[in-house]
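Visitor: This structure is in structure tokens; I'll ask about it shortly.
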Amino acid sequence: MENRMRTPTMARNTRQSGFTLMEIMVVIVILGLLASFIIPNLMGNKDKADRQKAVSDIVALENGLDMYRLDNGRYPNNEQGLEALIAKPVTPPLPRNYPEDGYLRRLPQDPWGSDYRLLNPGKHNRIDISSAGPDGQWDSEDDITNGS
């Protein structure tokens, strides 16, 4: 049998390897600090993205309503609502040139799960399309409207 001499590097290899408790705690503290900077930024971006999606939805609804008005001479009334963009209204005033497929395939919900609202006439004698905003309450400060 071969008798090998142990060198210092071989002796180190036989020792148990791993991280000390102090090294693990330092890594956890560093990760915690990084998370404390990153998470608030991500949350702020989500709120901005939700608001931007609501604005984009409102613009799309406004475009559909403009097409409705061009075809029919008026916007749907409050009773007909935004549903007039996906199904022909059955209550007066009836549209005279309603396309077979409607103006939109479906009505979007706002990013917070609520339906958008049509108000005709709205402020300044035009139509208002609005979202209740993050709090889900109408006529509060965080509402998002095509006029705002």
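Glycine is no exception: its Cβ is also placed from the backbone N, Cα and C atoms.
Among the features that TrEMBL reports, transmembrane segment is placed at 21-43. Among the features that TrEMBL reports, domain 'Type II secretion system protein GspG C-terminal' is placed at 41-146. Summarising the annotation, TrEMBL assigns region 'Disordered' to 92-111, 124-148. Look at TrEMBL and you will find 98-108 tagged as compositional bias 'Basic and acidic residues'. The annotation compositional bias 'Acidic residues' is assigned in TrEMBL to 138-148.
Tell me what's around each of these sites.
Guide: A Cβ distance under 8 Å defines the sequence-distant neighbours of the region 'Disordered' (92-111), meaning residues of its chain 6+ beyond its ends; these are 49-51, 53-54, 57, 60-61, 64-65, 67-68, 71-74, 77, 82-86, 131-133, 144.
Across the compositional bias 'Basic and acidic residues' (98-108), DSSP helix (H, G, I), strand (E, B) and coil residues number 0 helix, 0 strand, 11 coil.
With a cut-off of 8 Å between Cβ atoms, the residues of this chain six or more beyond the region 'Disordered' (124-148) that come close are 47, 50-51, 54-55, 57-59, 61-62, 65, 75, 82, 110, 112-114, 116-118.
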Visitor: Give the residue counts of the region 'Disordered' (124-148) per reduced DSSP state, in the order helix, strand, coil.
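Guide: Helix, strand, coil within the region 'Disordered' (124-148): 2 helix, 6 strand, 17 coil.
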